[in-house]
Every structure is written in C-alpha cells, then in structure tokens.
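As annotated by TrEMBL, region 'Disordered' applies to 1-21. As annotated by TrEMBL, domain 'YjeF C-terminal' applies to 7-280. Annotated compositional bias 'Basic and acidic residues' per TrEMBL: 7-21, in sequence order. Marked as (6S)-NADPHX binding site by TrEMBL: 42, 107, 157, 223. The AMP binding site annotation in TrEMBL covers 194, 195, 196, 197, 198, 222.
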C-alpha cells in the first residue's frame with residue numbers, strides 16, 4: 001500500500017509529543033557510532049542532526065583521535081572513545097545499556113575493528129539505523145543477518161544498494177520500487193532507498209518522499225539523515241514512522257536551506273540548521 005506524504009502545516013502533530021513537565025531523559029538516548037580518524041565530521045553532523053530532531057541525549061562512540069574536535073564542536077554530546085588496536089567488545093556492550101536506539105555507520109571505516117563493532121550492533125536488541133560504512137560491511141558479510149536482533153532501518157544510496165543486493169546500479173534505478181520492496185521483505189528491514197523521491201518500505205507498505213532538491217547532493221547529507229532518523233527512533237517512534245518522517249523532515253530542511261543558500265552552495269551543515277526550523 002502506498003502511503004501519502006505529510007503536510008507541513010500539520011507536521012507538529014506527527015512529531016514525538018513533548019510535555020511542559022519533562023526532562024532530557026524523556027526524549028530518548030541515542031547511541032551514535034560514527035567517525036574513524038579523519039572522518040569526525042560524519043559524527044558531528046549526525047549528532048547535531050539528532051539533537052535538532054528533538055533527541056534528549058546523544059552519546060557518540062568514536063575513535064580516540066576524534067575526541068578533542070568533537071568535544072569542542074558539539075559539547076552537548078556524551079563522548080565515548082576507543083582505539084582500534086585495543087578495542088574491547090565488553091566496553092561497547094556496557095555503553096549500549098540504557099540507550100533507546102543506535103545509529104551506526106557514518107564515517108566508521110571498514111577496518112577489522114569496524115567489522116566487530118557493526119556485528120555487535122546487529123546483535124543488539126535495540127532498534128537501529130544502519131548507514132554508510134556499516135552497510136558496506138554488511139554487504140561483505142550477509143550472513144550477519146542471521147545474527148540480527150531488534151528492528152533495523154537501512155539507508156543505502158544506489159551504489160550501496162548495489163553492493164547489498166548484488167544488482168547493478170542501472171538495474172536498481174530501472175525499478176527502484178521493486179528492488180527496495182524485495183530487499184526489505186527478504187531481510188525483514190525498513191528500507192530507505194535514497195535518491196530523488198526517496199523510497200521508504202517495509203516490503204508491504206511504501207512511502208515515496210516529495211521533499212528535497214538536488215542541492216542536497218553534497219557530502220554529509222546522508223549523515224544528517226541518519227541522525228534525524230536515529231533521533232526519531234530514540235524517541236520511541238515506530239521504526240517505519242521514524243524512517244518515513246525522518247526522510248520527509250530531511251528533505252524539508254533541504255528545501256528551506258535552498259531558499260537561503262540556493263542549490264549550488266548548499267552544505268550539509270546548512271541542512272542541519274534548518275531541521276524543524278519554524279515548526280512550533
């Protein structure tokens with residue numbers, strides 16, 4: 001069944017409800033696993049996007065080399081770091097406790113350590129959004145699906161979808177709807193197939209997004225989307241709705257950024273600054 005889009009003027013009704021008498025713990029605790037060395041920007045963009053989407057607390061799990069810059073750029077986040085040479089699975093298991101969702105993949109890299117981290121996330125009972133390098137690692141190890149627990153949202157662009165599905169990009173683009181639905185149904189995931197008119201499907205229901213523009217085809221835009229979806233997931237939204245609303249809000253922020261920046265000079269950070277801008 002195809003699901004209709006949102007209306008901007010009624011968007012607040014779709015967002016996680018906020019009460020006057022509340023605290024940050026009421027709005028979710030997202031564990032963001034992102035950023036290998038020289039890729040701290042991915043963690044920064046995703047974390048800030050999650051906060052802009054209303055998340056109460058964002059915990060960043062990243063390589064030690066990113067500590068100083070992330071502490072300076074986004075002091076609102078709680079930072080956990082690891083060394084790839086001395087990574088400990090028990091540390092990550094302990095960090096996962098008490099969180100309400102996980103987002104993994106932006107700038108993570110594809111090292112052996114990144115493999116072990118991704119596999120541990122898939123085994124977790126927490127709801128999760130899997131993106132970027134974590135998707136590429138999953139494509140290399142499809143048997144990991146057999147170990148997976150908890151609900152899972154995957155957010156590939158066409159090239160990542162090609163690696164996941166073993167289909168060519170041309171074949172995917174020729175029938176995006178069928179490819180997205182088939183993969184979602186086969187692996188019991190929520191599929192977010194990115195592109196013009198991003199598709200969100202669980203294999204049965206399908207949402208085709210109508211927000212966004214070509215100015216959003218810029219480095220870091222996908223990291224922003226991961227942060228938004230992860231943030232909604234952390235706020236206890238149903239996974240399909242978190243993905244659908246996240247895609248819509250991401251595109252809407254891009255459309256608002258376009259009014260200020262145009263499409264040529266738009267950056268991912270411009271999209272972040274327009275997330276839910278003026279929605280009250």
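All positions are counted from 1 along the displayed chain.
Placement of Cβ uses the backbone N, Cα and C atoms for every residue, glycine included.
As the structure is a computational prediction, the values presented were derived from the model and not from experiment.
Location within the structure of each feature annotated in TrEMBL.
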residue: 42; record: (6S)-NADPHX binding site; DSSP class: helix
residue: 107; record: (6S)-NADPHX binding site; DSSP class: coil
residue: 157; record: (6S)-NADPHX binding site; DSSP class: coil
residue: 194; record: AMP binding site; DSSP class: coil
residue: 222; record: AMP binding site; DSSP class: helix
Residue 157 ((6S)-NADPHX binding site) versus residue 195 (AMP binding site) - Cα distance in angstrom: 7
Closest of 194, 197, 198, 222 to residue 42 ((6S)-NADPHX binding site), Cα positions, binding-site residues only: 222
Spatially closest candidate among 107, 157, 223, the listed binding-site residues, to residue 197 (AMP binding site) (Cα to Cα): 157
Residue pair residue 157 ((6S)-NADPHX binding site), residue 222 (AMP binding site) - Cα distance, angstrom, rounded: 9
Site with most surrounding Cβ atoms, counting all protein chains shown within 10 Å, from the binding-site residues 107, 223: 223
Candidate with sparsest Cβ neighbourhood (10 Å radius) among 157, 194, 197, the listed binding-site residues: 197
Largest tally of Cβ atoms lying within 10 Å of a Cβ, found at which of the binding-site residues 195, 222: 222
Secondary structure composition of the compositional bias 'Basic and acidic residues' (7-21) [DSSP: H/G/I, E/B, coil]: 7 helix, 0 strand, 8 coil
Number of Cβ atoms other than its own within 10 Å, given for residue 198 (AMP binding site): 26
Local confidence of the prediction over the domain 'YjeF C-terminal' (7-280), expressed as mean pLDDT: 97
Which listed residue (42, 196) has most other Cβ within 10 Å, given these are binding-site residues: 42
Length of the line joining the Cα atoms of residue 107 ((6S)-NADPHX binding site) and residue 222 (AMP binding site), in Å: 11
Residue 223 ((6S)-NADPHX binding site) versus residue 198 (AMP binding site) - Cα distance in angstrom: 15
